[in-house]
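Asker: TrEMBL lists these features:
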type     : residues                       : note
BINDING  : CYS419, CYS423, HIS455, CYS458 : Zn(2+) 1 binding site
BINDING  : CYS446, HIS452, CYS478, HIS481 : Zn(2+) 2 binding site
COMPBIAS : 361-370                        : compositional bias 'Polar residues'
COMPBIAS : 371-380                        : compositional bias 'Acidic residues'
DOMAIN   : 414-491                        : domain 'Recombination activating protein 2 PHD'
REGION   : 359-380                        : region 'Disordered'
Amino acid sequence: MSLQMVTVGNNLALIQPGFSLMTFDGQVFFFGQKGWPKRSCPTGVFHFDIKHNNLKLKPTAFSKDSCYLPPLRYPATCTFKGSSESEKHQYIIHGGKTPNNELSDKIYVMSVLCKNSKKVTFRCTEKDLVGDVPEARYGHSIDVVYSRGRSIGVLFGGRSYIPSTQRTTEKWNSVADCLPHVFLVDFEFGCSTSYILPELQDGLSFHVSIARNDTIYILGGHSLANNIRPANLYRIRVDLPLGSPAVNCTVLPGGISVSSAILTQTNKDEFVIVGGYQLENQKRMVCNIVSFEDNKIEIREMETPDWTPDIKHSKTWFGSNMGNGAIFLGIPGDNKQALSEAFYFYILKCAEDDLNEDQKTLTNSQTSTEDPGDSTPFEDSEEFCFSAEANSFDGDDEFDTYNEDDEEDESETGYWITCCPTCDVDINTWVPFYSTELNKPAMIYCSHGDGHWVHAQCMDLAERTLIHLSEGSNKYYCKEHVEIARALQTPKRVLPLKKPPLKSLHKKGSGKILTPAKKSFLRRLFD
């Protein structure tokens, strides 16, 4: 194992807690920025490019037939091999949080449509589900199993907000474990069925899952109800005959107690578990090898990397799997020093880049993290926070550049502001009004002048209207500036009235000549 420090610039503010990394043909892509996508990169998906130990984010594009994809944080993601050659490698995305902290229950499928030396174009489609639809959640897992020539998705675990009937202003953002149900999701027909297995008694989140053929292994995780990290090791096997699927669960010995760990694959039958927490605020510095032989799983400790003193002494660390046995790690900088960097980044290589596409087994780990400022309770694994400040866009290369000025600074715009003379949003008495605003008031951007933020509630915007404006690129003007904006609009062009020619004033065939007085009268009449 080798540990190499990565140099980053400034203003890498897009990378925030709960992001995901996706790997297509050896290229790594970033997904899940904290704010809504901007005009300079409306997809919110970036090429996570590291060359010569320098990190850069480069915008990507979506095809015209793609659906809108919000920048979900803490989703469950996994790879899926499609039936056609053009869809050989896809990513399934389920759940997660929007920038308004609303949880999603949607399923998206991401695939590469085309790529060239300048840009990668993705296709994103949304899958509608019927049947036992899983509730909106985050910190869960989704994997794909294959049996008898068929494939199906398996969803398990996670957290969700408490029911709306139990919510109060003080407990609006409180979360609870989802029920320990196992959901089978048919991506082709959009059907979902839930199963209750007696071996799964407690809800789990931020666990590690490994899918191999028709079997999924669940390791570790955190039970929010009991506030424990049990040494779990479950084996869930799915049989897909022509009739109804058969699902069974077996509790295996030899599990580990860990949450928010990062999983990477080093060869066909071997994986490495790095990072995570064994107790709240206590990192787990031990690394484990997970190996498979004849459908048997073995977990053993391995020699740890030569951790730097900064990594050893930091209270939190964070990261994600980059594929091919590589892990992207970060630790907070020393805030006591005036010139200290906000974060330090490393690449941990657990194996050489010798994997091919056919050798890659579907893997998934819930390395979700949270910005401490976004959550009132200090939830498990969300201490595993991912945030950075770096200038990651290079305008000298051939990629389309990202305009950093297009991003708004939340520290300046803020949510607790007086947006208009009649603004009555008070941090001390504010109660959520829309379902899209859980811990911060929903806001919309007024495009007048240099622009400014206004509360959607103060502007009497319906929630449906707010969502429509957030998804589109149309300009919006608040009540104070809408009349000014209308006045500045260019008036419509009005065609001049046609004047009859002078010769028409003479009646043809009459033989009579109009007098000068009658001509003057007729001119005044037509003018």
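Backbone N, Cα and C define each Cβ position, glycine as well.
Bear in mind that TrEMBL entries carry predicted annotations, made automatically and left uncurated.
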Asker: Per DSSP, what is the residue tally for the domain 'Recombination activating protein 2 PHD' (414-491) in helix, strand and coil?
Answerer: 15 helix, 8 strand, 55 coil
Asker: Do you know offhand how many angstrom separate CYS446 (Zn(2+) 2 binding site) and CYS423 (Zn(2+) 1 binding site) by C-alpha?
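Answerer: On Cα coordinates alone, these residues lie 15 Å apart.
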Asker: Are there residues of the same chain, six or more positions away from HIS455 (Zn(2+) 1 binding site), whose CB falls under 8 angstroms from its CB, and which are they?
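Answerer: Result: CYS419, CYS420, CYS423, VAL425, PRO441, ALA442, MET443, ILE444.
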Asker: Taking Cα atoms as reference points, rank the binding-site residues HIS452, CYS478, HIS481 by distance from CYS458 (Zn(2+) 1 binding site) and give the first.
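Answerer: Closest recorded candidate to CYS458 (Zn(2+) 1 binding site) by Cα: CYS478.
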Asker: Can you tell which of the binding-site residues (CYS423, CYS446, CYS478) has the fewest other C-beta atoms within 10 angstroms of its C-beta?
Answerer: CYS423
Asker: Quick check: which same-chain residues outside CYS446, HIS452, CYS478, HIS481 lie with their CB within 8 A of the centre of the Zn(2+) 2 site CB atoms?
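Answerer: Going along the sequence, the neighbours come out as SER447, HIS448, GLY451, VAL454, TYR476, TYR477, GLU480.
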Asker: Using an 8 Å cut-off from the Cβ centroid of CYS419, CYS423, HIS455, CYS458, can you name the remaining same-chain residues around the Zn(2+) 1 site, in sequence order?
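Answerer: In sequence order, the nearby non-listed residues are ILE417, THR418, CYS420, THR422, ASP424, VAL425, PRO441, VAL454, GLN457, MET459.
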Asker: Among all protein chains shown, how many Cβ atoms are found within 10 Å of the Cβ of CYS458 (Zn(2+) 1 binding site), not counting that one?
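Answerer: So the Cβ neighbour count for CYS458 (Zn(2+) 1 binding site) comes to 20.
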Asker: Counting across all protein chains present, how many other Cβ atoms fall within 10 Å of the Cβ of CYS419 (Zn(2+) 1 binding site)?
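Answerer: Within a 10 Å radius of the Cβ of CYS419 (Zn(2+) 1 binding site) lie 22 other Cβ atoms.
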